[in-house]
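Student: The structure is given below, and queries will be raised subsequently.
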């Protein structure tokens, strides 16, 4: 540590000598709004405190100079900073065009200012459209740019603007390790990236012990207690203004119903902000006894307000970044901050499309206290940034260098390459057969291979690899690009590790098996593994009746009974990956023995194996065959013979099928009473034989509130293979899984 400190001092000394001992670094800090000033102010104080190294010029523009947003330039003056230039750059309007015109107006006015100031470096923060105008002007006028908070991921147009500024900037100060890695992945020079943390944390982490009750009383009233009020800050989402206005309206309705004192801050200057203000006034928020609506709160006071709030709600980056330092509960609404790193204090409501959903989130979060998070900083960002500024050598070439990763020799594209179909290799490990298929993005099975499933682990793995290699080679001929391998198998699976934990008795030597590693190593492709029942549910979610359905259950009726549960569009695996073992729901305490070792499971009544067992009993007693049926001497008795006998009027076969259908129906009723899905999908070869029986049992046995559930038969020809493919296709095309 001492060595590196001495090395750093030596470097700074060399830089000072190169730049000229008497030359101070002339730094221009441009601030556009209250949010970026909270990040820039600590740096400005640090620069001002070292006049022997720096000269500071402050340029103020954007919403700082608008009365509707509190004329927040005054807080810069109150902090005793001299404002060199004020630029009125906001074109008033309520749509995207006004934002574009504001950028254009800033681009017209900034060159004159920069010509007069002639800064050595300009500090630009974040991802606002005003900041893009600043970075564009400085880059075109050959002024070095230091970008604060690059490399982060949030959502909407902000990401595009932030990354555009990154490409214009010469130096980067990032807040998290992930942001640093993103900048490196974007080909930025590692030597010009500083992982410093967020400058606002320097103030946050030393602020909580100050007197706060007087601040709370000023903004929320004399009778308010700590942890008994809410701070709301919501901005329009410029890529979907109409939806964000509706979400804000639902948020206010939920806050009114929740009946707690609430401080509501006006939104940022963005397309849609005026409409949000109109919604506030339409609902009487400014005159409601429980609400205080304000245009601006000074940052040091805002810190105290969120630090002692019962909850913060909205879509501001402050909620997912700064508030974590205090452990205050946060409800993040919508997609504006989707990609941000967050602490455990943040509850995301991605689809805030109902008042009840937001109200439920308030009930879950309000009044909790979470551990403090330091994801975005440790309180020492400013010293690091000042040290970084001192190390800048103004005699280095201004032209940026990009650090591109090595690439293979360029191969010209031909029409076949352009028209390749994105596809997956799907593997289905059944009790009898092993199948591999090439499945396209649209769910088309392009090519399928089938072999008998070997009895030993070594033979089985060898055959899987052989069939996958053959299919991958054939994919080139059928113009398919393989994105990965998805495997559907019986038994209990850890999908995170790609390991079969315990298998069913139908597949021997198939416990504690790592499938992901050998297949991924052999094919050089990513591999996903899951239980066959879960895969069937995923197939329905992507290609079948479950598409777009929030809550549904899939039941596979085949050799065994399995299934999968999708709740709020997500597949449920359970704490030990044993969720949705629906075939082992017990429907009778003294029923037939199941392969799992228990008695009275659905599988012991309604599976293909159970029906085959009953068919053999009838056949042994010469009670199976009826007129119109015949069997060869060497033919094995199967469930199909039982079904045929029932269709031809065999009363005993009919009774067995009726009992099986009733057992399955009782299991479905238990599922309805437990997870309350809106849809039940019966899949597999026996589904058509059971669907009416299941509906009858629901009508007789289920509570009235769940009797309206839809019960349908799957229309997918091969759910196991399609589900295995969807493991790959959902993930590699950035769907949530």
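A Cβ is built for glycine as well, from the same backbone N, Cα and C atoms used for every other residue.
Residues or ranges marked as active site in TrEMBL: 532. For 492, 504, 532, 581, 584, 603, the entry in TrEMBL reads N-acyl-D-mannosamine binding site. Among the features that TrEMBL reports, Zn(2+) binding site is placed at 584, 594, 596, 601. Taken from TrEMBL, the feature domain 'UDP-N-acetylglucosamine 2-epimerase' covers 53-390.
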Student: Taking the center of the Cβ atoms of 584, 594, 596, 601 at the recorded Zn(2+) site, which other residues in this chain have a Cβ no more than 8 Å from that point?
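Tutor: Nearby residues not in the site list: 583, 586, 595, 597, 598, 602, 603, 604.
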Student: Show, in sequence order, which residues other than 492, 504, 532, 581, 584, 603 on the same chain lie with their Cβ within 8 Å of the centre of the Cβ atoms of the N-acyl-D-mannosamine site.
Tutor: 490, 491, 531, 533, 560, 561, 562, 583, 596
Student: If we count other C-beta atoms within 10 Å, could you say which of the recorded positions 532, 581, 603 has the fewest?
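Tutor: Among the recorded positions 532, 581, 603, the sparsest Cβ neighbourhood within 10 Å belongs to 581.
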Student: Going by Cα-Cα distance, pick out whichever of the binding-site residues 504, 584, 594, 596, 603 is nearest to residue 532 (active site).
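Tutor: For residue 532 (active site), the spatially nearest of the binding-site residues is 504.
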Student: Compile a sequence-ordered list of residues in the same chain as residue 601 (Zn(2+) binding site), six or more apart from it, whose Cβ lies below 8 A from its Cβ; state 'none' when nothing qualifies.
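Tutor: Once residues fewer than 6 apart are set aside, residue 601 (Zn(2+) binding site) is near 561, 583, 584, 585, 586, 587, 591, 594.
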Student: I'm checking region-level scores; what's the whole-number mean pLDDT for the domain 'UDP-N-acetylglucosamine 2-epimerase' (53-390)?
Tutor: 91
Student: Return the count of C-beta atoms lying within 10 angstroms of the C-beta of residue 584 (N-acyl-D-mannosamine binding site), excluding that atom itself.
Tutor: 20
Student: Return the residue, from the listed binding-site residues 594, 596, with the maximum count of other C-beta atoms within 10 angstroms of its C-beta.
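Tutor: Of 594, 596, the one with the most crowded Cβ is 594.
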Student: Relative to the Cβ position of residue 504 (N-acyl-D-mannosamine binding site), how many further Cβ atoms are located within 10 Å?
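Tutor: Here the count is 21.
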Student: Below 8 Å Cβ to Cβ and six or more residues apart, same chain only. Which residues does that give for residue 492 (N-acyl-D-mannosamine binding site)?
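Tutor: Correct list: 500, 501, 502, 503, 531, 576, 577, 578, 581.
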Student: For residue 596 (Zn(2+) binding site) and residue 504 (N-acyl-D-mannosamine binding site), determine the Cα separation and express it in whole Å.
Tutor: 8
